[in-house]
């Protein structure tokens, strides 16, 4: 944790030893030192150093309980599970910390509410009296108490969670960076802040974004594999979204542990390791590919061919989108593609298998081109240039209007209204 020298396990082990601690150092859990041995003068290092290895071993045993090495198609990967972080342990781990959420968009909204619901100390930092400010108020955040302007939120926070949009992170970084420091006085105690992201975009493409992180603080990432709506919904259902974690800088020696704990804090079910660079590349690639861009293009292509060949809008939509999203995709998600092949008719099975290779061979060069565009920073440059324009919102609204007015989605609105659950009694 940003505000700790040692993890809760290490701290408790030290407090059990006869080393002389002042009241302040006990409250802070030895905040200002390094896990490698640097401590405040309030800790008698000559008496505690001999206990560090035993305490560290206890910490390692605790961490190992939450670590699983699993085979993913024959490749061994490490994952971390929520089950190893029951609520009392999570609350104890963060009891000296304040999470400062910067931004109240999709992820800021979801992650802040999930942490608040788990009893963690959270403040939200946004522009005063803006749309996000009022949205946060509607969610129960109180101005002056836990709803603050950005500078005040950072001044109170030990873990600075920068969840602004990518473009906004770039624009605000010159004013935010000086506020994030290695040693900072909060409530008369020295703390070391941690910088947190949920996307590797800004620090990885720093040549374009100008987000050069401070060198003397932990910099970590927890990236939920879904929208903020999904993060919040799965949490309220008692489930949890999958998230990746990464460490860009580990100054305290506790960066990974903090990332894992924060991953659970924001509502993750399980976590897997990546790097900042791999996260941002796979994320941008996926959004432009099968998650959004490619699938929309595929829907349009199939629908337009069906309409050109004489099929009605309702038939074309049902055979392109409705059956996929309401019947097949949920089954694939629950059981896998092999199960889907086995469950469908012999005619459907044969045709789908035969055409898979054709589509793969046709699309793979496009996906390679897309990956290159992401890796070289072209997609970053395009995104920053477009999203930072003063008339961005007007242009985006026009694009959304054009999509809404496409025949496929106008037909879809009617089809959705006919679903039994949408029928008015």
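Quick reminder: no glycine exception, Cβ is built from N, Cα and C everywhere.
As a whole-number mean, the pLDDT of the domain 'KARI N-terminal Rossmann' (75-274) in this prediction is 94. The annotation domain 'KARI N-terminal Rossmann' is assigned in TrEMBL to 75-274.
The feature domain 'KARI C-terminal knotted' is assigned by TrEMBL to 275-422.
If you look up TrEMBL, you'll see 283, 287 marked as Mg(2+) 1 binding site. There are 14 other CB atoms within 10 A of the CB of residue 287 (Mg(2+) 1 binding site), with all protein chains counted.
Sequence-distant contacts of residue 319 (Mg(2+) 2 binding site), defined as residues of its own chain at least six apart whose C-beta falls under 8 angstroms from its C-beta, comprise 302, 306, 311. In the three-state DSSP reading, residue 319 (Mg(2+) 2 binding site) counts as helix. Taken from TrEMBL, the feature Mg(2+) 2 binding site covers 283, 319, 323.
Sequence-distant contacts of residue 345 (substrate binding site), defined by Cβ-Cβ distance under 8 angstroms and a gap of at least six in the same chain, do not exist. The substrate binding site annotation in TrEMBL covers 345.
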Residue, out of the binding-site residues 283, 323, whose Cβ gathers the largest set of other Cβ atoms within 10 Å: 283
